[in-house]
Amino acid sequence: MQPEVPLGSGKLKPCSDMGDIQRAAKFRSSQSAHMLLLLLASITMLLCVRGAHGRPTEEDEELVLPSLERARGHDSTTLLRLDAFGQQLHLKLQPDSGFLAPGFTLQTVGRSPGSEAQHLDPTGDLAHCFYSGTVNGDPSSAAALSLCEGVRGAFYLQGEEFFIQPAPAVATERLVPAEPKEESIAPPRFHILRRRRRGSGGAKCGVMDEETLPTSNSGRESQNTPDQWPLRNPTPQGAGKPTGPGSIRKKRFVSSPRYVETMLVADQSMADFHGSGLKHYLLTLFSVAARFYKHPSIRNSISLVVVKILVIYEEQKGPEVTSNAALTLRNFCSWQKQHNSPSDRDPEHYDTAILFTRQDLCGSHTCDTLGMADVGTVCDPSRSCSVIEDDGLQAAFTTAHELGHVFNMPHDDAKHCASFNGVSGDSHLMASMLSSLDHSQPWSPCSAYMVTSFLDNGHGECLMDKPQNPIKLPSDLPGTLYDANRQCQFTFGEESTHCPDAASTCSTLWCTGTSGGLLVCQTKHFPWADGTSCGEGKWCVSGKCVNKTDMKHFATPVHGSWGPWGPWGDCSRTCGGGVQYTMRECDNPVPKNGGKYCEGKRVRYRSCNIEDCPDNNGKTFREEQCEAHNEFSKASFGNEPTVEWTPKYAGVSPKDRCKLTCEAKGIGYFFVLQPKVVDGTPCSPDSTSVCVQGQCVKAGCDRIIDSKKKFDKCGVCGGNGSTCKKISGTVTSTRPGYHDIVTIPAGATNIEVKHRNPRGSRNNGSFLAIRAADGTYILNGNFTLSTLEQDLTYKGTVLRYSGSSAALERIRSFSPLKEPLTIQVLMVGHALRPKIKYTYFMKKKTEPFNAIPTFSEWVIEEWGECSKTCGSGWQRRVVECRDINGHPASECAKEVKPASTRPCADLPCPRWQVGDWSPCSKTCGKGYKKRTLKCLSHDGGVLSNESCDPLKKPKHYIDFCILTQCS
């Protein structure tokens, strides 16, 4: 859980330094919805913090008369001119409401929708209000404005931020662009334009301690540990020997458009404070956040959209909101589930929910918390939620920041990020202390990497569906809607006004307040809202005062395109089958001005260095990785001075096979020592699939990814099963104690020993045991039993044991046995006569069959393929009599002639099995019934339907039914 901590009380300075102050009139409910939309539009430019120590910013303001006109030849382009601060600011604006879903709805809790519709949205549909663009043609500038009820919003130009809003006397009037036939309009409506420059002060973001110790089976594992492949293409040196074609996965490492369908919730404190302007205010905040997530520095195509806004008018009908931020988050996460449709096809289904409140939130130590969210929960319906404290337009920063946590981003100063960010400053959105936002790269390399890895590992599948009817987000800059005075009121209360300070124009908002009975200026070190006027023809954009005429240079979106593939990187292993990568960047060109990010494969990978590794005392590669942690395990378990780690396979979920789960030898505790094994590590002992970036991908027995080659029953890669023979037997015993059943020689493959208890009994007093060649016991020796399923690693061979308490006690192994083992049965008490069956396969001898050694001999060729894959087939081979020179002969003894045919594929074929009929779908009239259809192997395992004979597939597994005629 990530609590967000601001700067505390903010920074103060004597009022004598602030010059003449004009107190803004109260700006109430008719504007608040509009304000909320603008605030949302600015979220991507804000952070989750609110107080810091830093130098003051420069800030001043002027009264201006905005002039709007349609651009000639461009029906959708609107030109806004502002004369302020001794310059002309020309804004070239385009409608921009992409953050609103077409099917966006506004709902209320505690009042009827009909009675509140007009109160919440007196201006009707707000989607047409919002615009974005550039200032004075500067491609590095940015603007986000609303042109409804006057000009409101913010813009950024050349290091200065501008915020514009109607002067209080005209706050409820409406300013709209002229019709296309009219060249311009300039109604005599004064606006307050504020300009601000950001200082070097920082905003602090506190987090709970992030555990990175090994995670036990009873603990909760962190999801934000970095992966192993680099952000940039590595150098080709030591790349390893590539093997086979490049493996390009269908879903892994693919840049796909993601749509974050969002529900915005405002509690009663928000409704009381913002009144009818609440909806617009929320959407303004969200539109700013949406623009941040469109920035190419996030290295993904992520669109934030609103599908629903819910306003709570009766406190008791909403989630319990208290000063305890963590408890409020838990309450909200639990409460919001009732408002979400379980079907992703529902237009009102949302992927994440955000609660906005005016309640002062507190963390575990201070009340400087501005927001809270869990990490990496975006597709978890129960935990994909955030809580935001609304303290003004800067709440947009908090929203972008908290959504970053939901997308699995840690803070930039977390140790996970050290290898990515290096000596990183605090100028990115996920910084724990923000000094100044780098608008050219709002997301740090670590943030981009963490969200990319998170999505590549399948944690964002709920974001793949494009919303049907998103609500349009406002395009107006927030500073055009809310002047500096109003921004101060949002942050410090209704009595606060803007403190003019030429040194902090656009960069830091200073507001009046009282301290010790004295009138002072105070700040929370956030810039003026974009769009706040900072001079004649200028306004604030991204903390800088820019000319409005430069808007044209960055108003046109530039869509990104992929650059060339880079060189192949280093192989993850020096032998035994590793993985190497090549990457490409979305830099040809880099997307700009809200242009689309590249879609398609960003990473390719392939197998490399597949040669056998030198013998390492029979240890597997996973064993080596577990043992590498022995020297770091200083904690004692019981009386043991240190811990020896061995791989754990039994009981590990299939989705966790590529985590390094190791067991403390002789103790039984197991932990996830690493979130991912090294690329190329086999997923399990009985599979040739390998791990790639924490995911199990198919590979052949030749260690090549996507290869179809398999081991046959003889353990030969790509073989046909003709080089070995099956050895089996059944043993019974009645004497107490340990008794040998069979000694399985080295080289045996596909070993299976089964001990079935009598029907209705879980144990009959007899148990399997394994003894090594040196007489030591590997399993169930010295009358000590292992009751649970486990994996036994012996000389590089993994033996899987079911546990003595299983109804079918079983020992299995698939790889060739390195040393002989003796299978025993332990009889205790008055045990019933056990029935134990064993099977394994051994390589055939290849000596020639000689009839007359000195003159001629029978010469045989390899067995051909079996005529069937199951159900009893035949194999043939050529058997010829030849002399010592290899010529055909007839002197061979016929009585010793080897057989030229033999039966094969003696295992029963997979069979179809149908289940019982389901109840009729209707209680009367004509309905239908169905039954399950499965393809089963000879031992009862479920196979894919393709494994069974399609000609024998039952045809009637769905049928009509009539229980009774309807009356």
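Positions of Cβ are set from backbone N, Cα and C atoms, glycine also.
The following features are taken from Swiss-Prot:
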type	residues	note
SIGNAL	1-54	signal peptide
REGION	198-252	region 'Disordered'
COMPBIAS	213-227	compositional bias 'Polar residues'
DOMAIN	258-467	domain 'Peptidase M12B'
DISULFID	Cys333-Cys385	disulfide bond
DISULFID	Cys362-Cys367	disulfide bond
DISULFID	Cys379-Cys462	disulfide bond
DISULFID	Cys417-Cys446	disulfide bond
DOMAIN	476-558	domain 'Disintegrin'
DISULFID	Cys488-Cys511	disulfide bond
DISULFID	Cys499-Cys521	disulfide bond
DISULFID	Cys506-Cys540	disulfide bond
DISULFID	Cys534-Cys545	disulfide bond
CARBOHYD	Asn547	N-linked glycosylation site
DISULFID	Cys571-Cys608	disulfide bond
DISULFID	Cys575-Cys613	disulfide bond
DISULFID	Cys586-Cys598	disulfide bond
CARBOHYD	Asn720	N-linked glycosylation site
CARBOHYD	Asn764	N-linked glycosylation site
CARBOHYD	Asn782	N-linked glycosylation site
CARBOHYD	Asn945	N-linked glycosylation site
Set of same-chain residues at least 6 away whose C-beta sits under 8 angstroms from Cys534 (disulfide bond): Asp60, Ala84, Phe85, Leu157, Glu160, Glu161, Phe162, Leu193, Arg194, Arg195, Arg196, Thr505, Cys506, Trp528, Cys540, Cys545
Disulfide-bonded residues (Cys488, Cys511, Cys540, Cys575, Cys613), the one with most neighbouring Cβ atoms at 10 Å: Cys540
Cα-to-Cα gap, Cys385 (disulfide bond) vs Cys379 (disulfide bond), nearest whole Å: 10
Confidence summary for the domain 'Peptidase M12B' (258-467), mean pLDDT rounded: 89
Asn782 (N-linked glycosylation site) versus Asn764 (N-linked glycosylation site) - Cα distance in angstrom: 19
Coarse DSSP state, helix versus strand versus coil, of Cys598 (disulfide bond): coil
Sparsest-packed of the listed disulfide-bonded residues (Cys362, Cys499, Cys571, Cys608) - C-beta count within 10 angstroms: Cys362
CB contacts for Asn547 (N-linked glycosylation site) [other CB atoms within 10 A, all chains]: 26
Fewest other C-beta atoms within 10 angstroms, as judged across Cys367, Cys462, Cys521, Cys545, Cys586, which are the disulfide-bonded residues: Cys367
Least buried by Cβ count (within 10 Å) of the disulfide-bonded residues Cys333, Cys385: Cys333
Cys511 (disulfide bond): nearby recorded positions from Cys446, Cys499, Cys521, Asn782, Cα cut-off 10 Å: Cys499, Cys521
Spatial neighbour of Cys417 (disulfide bond) that is closest, considering only the recorded positions Cys333, Cys488, Cys575, Cys598, Asn782 and their CA atoms: Cys598
For the disulfide-bonded residues Cys379, Cys446, Cys506, Cys598, the one whose C-beta sees the most other C-beta atoms within 10 angstroms: Cys506
Separation of alpha carbons, Cys571 (disulfide bond) and Asn720 (N-linked glycosylation site) (Å): 32
Fewest other C-beta atoms within 10 angstroms, as judged across Asn720, Asn764, Asn782, Asn945, which are the glycosylation sites: Asn782
Spatial neighbours of Cys608 (disulfide bond), counting only the disulfide-bonded residues Cys379, Cys499, Cys575, Cys598 and Cα distances within 10 Å: Cys575
For Cys333 (disulfide bond), the three-state class that DSSP assigns: helix
